[in-house]
Every structure is written in structure tokens, then in C-alpha cells.
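These notes are about the structure you will find just below.
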């Protein structure tokens, strides 16, 4: 006997929740966290004490759970609804149907009643009095009849109770009770109870209870209970229980329980349990349990359990378990388990397990396991396992395992394993393994392994392995391996291996190997190997090898090899080799080899070789060879060879050779050869050769040769040759030749030749020739020739020739010729000729000729001729002729002629002729003629003629004539003529003539000065009898 305890009856929803939202356990303690000891249903747990009282708070839904719990009597509070009590906690002892719950209270009530009655006394609470009284005014369960339960008395005769219109037939010890219009027929020891209009037929030892309008037929030792309007038919030993409007048919020793409106048909030794509105059909030895509205069909020895609204069809020896709303169909020997809303179809000897909302279809000998919302379809001998929301389809003898949300489709003898959210499709004999969120598609006999989030597609006989987030696509016979986040696409019989984050695309018969983050694309029968972060693209029959971070693109029949960080692009039949960080691009049949950090681009049939850090670009049929750090660019049929750090650019049919650190640029049909550190630029059909550190620039059809450290710039059809350290610049059709350290600049059609250290600048159609250390500058159409250390500057159409150390400067159309160490400067249209060490300066249209060591200065339109060591200075339009060591100075329009060691000075329009060692000084427009060693000085407009060693001085407008050793001095308007050793001095308006010598003529003694005759400005002389002597004091 249990002390201070009572039993309560209540109902919960299908999920064991009460009206307050508290979830009751299937067994054990339940407690209200918000307990308040006040009357009312809220803030506590409630129940119907002893199952007796008002049934209004109880749920009459077909899926309601009937709960029996044990409660401490001291914690109970009676509430308004009759028979209902409130309590803070309880212990669940039984959960089942209404019938099982009432039977539980009926069978265990005796363990509590005595204790309750014993404790009742004065002052006990109201609830205790209710417990003692048992309050039977509104019974929910039948009263307990102690006499019948204990079996102390046995009926000894048949009891028949019927209303009008009933027919009762019972054998010994039967009890028949029927409403009006009923018919009951019972065998020995049977009990039949029916409402009006019912029909009951029972064998011996049977019990039939039915509502009105029911039909019950039972074999011996059977038990049937049915609501109104039900039909029950059971063979011996059967137990049928059904709600109103139900139909139950059972074989021997079967047990059928169904809610109202149900239909149950069972073979012998079967057990069927169904909610209302259900249909169950089972062969012998089967066990079917279904919720309301379910349909169950089972072969012999099968077990079916389903929630409400389910449909189950099973062959013999099958087991099916399904949640509500599920559909299960299985052949013999199958085992199906599914959550609510699932659909399972299985062949013989199959096992299916699925969560709610799943669809499973399996052939014989298959095993399917799926989470809720999954779809699985398998042929015979297959094993499928999938998480919720998955779809699995398998051929015979296949094995599929997938996480939730996955889709798997497999041919026969395939194996698939996938994480959640994956998609796998495989033909027969394939093996697929993928992480969650992956997609795998495989042909026959293929093997696929992938990390989560991967996509794999393979033809037959393929093997694919990929890290998470990868994409692999392969035709038959391919082998693909990729790290996470990779993409691989392969034709048949290809092999691809890639690190994580790589992309590989290959035609049939190809082999691709790539580090992480690489991209490889290859046509059929190609072999690609790249380091991480590389990009490779290859045509058919190509072989590509690259270090990490490289980019390779090749057409068919190509071979590419590159170090890390390289870029290679090749057309068909090419061979490319590059060090790390290189870039190579080649058309068909090319051969490229580069060091690390290089860039090579080649047309078809080309060969490129470069050291590290080089850049090569070539058209077809080209050959490029470069040292490290070089740049080479060539059009078709070119041959380029450069040292390290060089830059070469060539047009078609060109040949370029350069030392390290050089720069070469050439048009087609060009030949460039350069030492290290040189720069060469040439248009088509050019030939450039330079030493190290040189710079050459040429137009088409030019030829440039330069020593080291030279600079050459030429227009088309030019020829330039320069020693080391030279600079040459020429327009078209020019020819320049310079020694080392020279500078040459020429216009078109020019020819320049210079020794080392020279500087030459020429306009078009000029010819310049200079010794070493010279400087020549000429306008167009000039010819300059200078010795070493000379300086020549000429206007257009000029000709300059100078010895070494000379300086020549001329205007246009001038001719200058000078010995070494001379300085010549002329205006336009002048002719200057000087010996060595001379200095000539002339205006335009002048002609200067000087011996060595001379100095000539002339204005325009002058003509100067001087012996060596002479000095000539004249105004414009003058003519000066001087002997050696002479000095001539004249105004414009003067004519000076002097012997050696003479000095002539003339004003403008003067004419001076002097013998050697003479000195002449003339006023403007004077004419002087002197013998050797004479000294002449004239006023304006005078004419002086002197013998040797004479001194003549004249005033304006005078005429003086003297023999040798004479001295003549004249005033204005005078005429003086003297002979040997004579001295004449005249004033104004004078005429003095002494010419005496009567040895044989010339006498002429004439004198005239002032008004009356001689006197004027003294002295005049003659003597020796010919008189006129008045010589001044010595």
C-alpha cells in the first residue's frame, strides 16, 4: 500500500504538451516552475483524480496521449471542475490510449485506496475527502466490482437481458445484453453486449461488446469491442477492438485494435493496431500498428508501425515503421523505418530507414538509411545512407552514404559517400566520396573523392580526388587530383594533379600537375606541370613545366619549361624554357629558353634563349639569344643575340648581336652588332655595329659602325663609322666616319670623316673630313677637311680645308684652305687660302690668300693675297697682295700690293703698290707705288710713286714720284717728282720736279710753290750744279 499518494488521469497533445505548454515526459517526474497554490487551471499541473469526474477538460482527439500519474496527496488542491485537482509536481507512470490508461487505474487503484481511507479524519482537506469518497457521480472508467475481479463467484446459468424486438441465443454460462432490435448468438461461457440494431455471433469463451448497429462475429476464445455501426469478424483466439463505424476481420489468435471508421483484415497470429479511419490488411503472423487514417498491408510474419495517415504495404517477414502521413511498400524480408510523411518502397530482404518526409525505393537485398525529407532509390543489393533532405538513387550492389540535403545517383556496383548538401551521380562500378555541399558525377568504374563544396564529373574508368570547394570534370580513363577550391576538367585517359585553388582543363591523354592556386588548360595528349599560383594553357601533344606563379599558353606539339612567376605563350611545335618570373609567348614550331624573371614572345619556327630577367618578342623563323635581364623584340626571320641586361628590337629578316646591357632596335633586313651597354636603333635594311656602351640610331638601308661608348644617329641610306666614345648624327644617305671620342652630325647626302675626339656638324649634301680632336660645322652642300685639333665652321655650299690645329669659319658658298694652326673666318661666297699658323677674317664675297703665319682681315667683296707671316686688314671690295712678312691695312674699295716685309695702310678707294720692306700710308682714294724699302704717306686723293728706300709724304690731292733713297713731302695740290737721293718738300699749290742726270738725259728741274716761286714749306735739294737746293737743317 502506498501512503499519501493518489492517481490522476489527464490527456496531452501528440507531442506530450498540456494546455499550459508544459511537455510531460513518457515516464518520470514533471514539475511546474510557476506553481501557485490557488484554485484554477493556471500556474500548476492538473488531472482527474482516480479518473472520475467531469471529462470536459480531456482531449477527445484521436492522437491524444492519455497519461496516468502519481501525485502527493498533501500537495493537491481541489478546483472548481468536478473531480479535477491541481498540484505542483507528479510522476508519470503510464502513457497510452484511453482504454490502456483506464485499465491501468483500474488495476492499480487498490494499492492506494486503503491508505487514503486510513488517513481520512476530522480536519482533513477537501481533496482528501474526495479521495476517500472516490466521487463516482461522473464516471470516466467503469466501477470496480471486487466480486467479479476476485473470481469468488461463478455464474451458473445464462443471463439474457434484452429490450423489445431483440433475439438472444446463448449456451450455458453465457451473458447476453442487447438493445432493441438486436440479435445475439453466443457459445459457452461467452459475454455479448450490444446496442440496438446490433448483431453478435460468438463462439465459446468469447466476449463481444458493441455499440448500436454493429455486427460482430467471433470464433471461440475471442474478444471483440466495437463502437456503433462497426463490423468485426474474428476467428478463434482473436482480440478485436474498434471505434464506431469500423470493420475488423481477423484470423486465429490475432489481435486487432482500431479507432472509429477503421478497416482491419488480419491472418492468424497477427496483431493490428490502428487509429480511426485506418485500413490494415495483414497475413498470418504479422504485427501492424498505425495512427488514424493509415493504410497497412502486410504479408506473413511482418511487422508494420505507422503514424496517422500512413500507407504501408509489406511482403512476408517484413518490418515497417513509419511516422504519420508516410507510405511504405516492401517485398518479403524487408525492414522499413521512416519518419512522418515519408515514402518507402523496398524489394526482398531490404532495409530502409528514413526521417520524416523521406522517399525510399529499394530493390532486393538493399539497405537504405535517410534523414528527414530525403529521397532514396536503389536497385538490388544496394546500401544507401543519407542525411535529412537528401536524394539517393543507386543501381544494383551499390553503396551510397550522404549527409543531409545531398543528392546521390549511382549505377550498379557503385560506392558513393558525400557530406551534407552534396550531389553525386555515378554509373556502374564507380566509387565516389565527397565532403558536404559537393557535386560528383562519374561514369563506369570511376573513383571520385572530394572535400566539401566540390563538383566532380568523370567518365568511365576515371579517378578524381579533390579538396573542399573544388570542381573536377573528366572523361573516361582519367585521373584527377586537386586541392581544395580547385577546378579540373579532363578528356579521356588524362591525369591531373593540382594544389588547392587550382583550375585544370585537359583534353584526352593529357597529364597535368599544378601547385595550389594554379590554372592549367591543355588539349589532348599534353603534359603540364606547374608550381602554385601558375596558369598553363596547352594545345595537343604539348609538354609544359612551370614554377609557382607562372603563366604558360601553348599550342599543339609544344614544350614549355618555366621557373616560378613566369609567363609562357607558344603556338604549335614550340619549345620554351624559362627561369622563374619569366614570360614566354611563342607561335608554332618555336624553341624558347629563358632564365628566371624573363619575358619571351615568338612567332612560329623561332628559337629564343634568354638569361634570367629577360624579355624576348620574336616573329616567325626568328632566333633570339639573350643574357639575363635582356629585352629582345624581333619580327619574322630575325636573329638576335644579346648579353645580359640588353634590349633588342628587330624587324623582319634582321640580325642583332649585342653585349650585356645593350639596347638594339632594328627594322627589317637589318644587321645590328653591339658591345655591352650599347643602344642601337635602326630602320629596315640597316647594318649597325657598335662597341660596348655605344648608342646607334639609323634609318633604313643604313650602315653604322661604332666603337665602345659611341652614339650614332642616322637617317635612311646612311653609313656611319665611329671609334669608341664617339657621337654621330646623320640624315638620310649620309656617310659618317669618326675616330674614338668624336661627335658627328650630318644632314642628308653628307659624308663626314673625323679622327678621334672630333666634332663634326654638317647640313645636307656636305662632306666633312677632320683629324682627331677637330671640330667641324657646316651647312648643306659643304666640303670640310681639317687636320687634327682643328675647328671648321662653314655655311652652305662651302669648301673648307685646314691643317691640324686650325680654326675655319665661313659663310655660305665659301672656300677656305688653311695650313695647320690657322684661323680662317669668312662671310658668304668667300675664298680664303692660308698657310699654317695663319689668321684670316673676311666679309662676304672675299678672296683671301695668305702664306703661313699670316693674318688677314677683310670686309666683304675683298681680295687678299699675302706671303707668309703677313698681316692684311681691309674694308669691303678691296684687293690686297702682300709679300712675306708684310702688313696691309686698307679701307673699302682699296688695292694694296706689297713686297715682302712691307707695311701698307690705305684709306678707302686707295691703291697701294710697294716693293719689299716698304711702308705705305695713304689717305682715302690715293694711289701709291713704291720701290723696295720705301715709306709712303699720302693725303687724300694723292698718287705716290717711289723708288727704293724712299720716304714720300703727301698732302691732299698730291702726286709724288721719287727715285731711290728720296724723301718727298708735299702739301695740298702739289706734284713732286724726285730722283736719286732727292729731298722735296712743297707747300700748297706747288710743283717740284728734279730729275737731273745729264750723263745721258733726264734733266727736268722744275720748281714752283707759292705765288712767286719756291719757298713754301722747304726743304728741296738738288745740287751739283743743277741747283735748287734749300735743304733744311739736319
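Cβ from N, Cα, C; glycine included.
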Pick from 120-147, 260-287: which range does Swiss-Prot record as region 'Disordered'?
-> 260-287
Have a look at 452-480, 1003-1031 and point to the one annotated region 'Disordered' in Swiss-Prot.
-> 452-480
Which of these ranges is annotated region 'Disordered' in Swiss-Prot: 87-118, 407-438?
-> 407-438
Secondary structure content, the compositional bias 'Polar residues' (453-480) (per DSSP, counts of residues) | 0 helix, 14 strand, 14 coil
What DSSP reports for the region 'Disordered' (570-597) is 0 helix, 13 strand, 15 coil
Going by DSSP, how much of the compositional bias 'Polar residues' (261-286) is helix, how much is strand and how much is coil, in residues?
-> 0 helix, 12 strand, 14 coil
For the region 'Disordered' (311-342), the number of residues DSSP places in helix, strand and coil = 0 helix, 16 strand, 16 coil
Summarise the region 'Disordered' (407-438) by DSSP state, stating how many residues are helix, strand and coil.
-> 0 helix, 16 strand, 16 coil
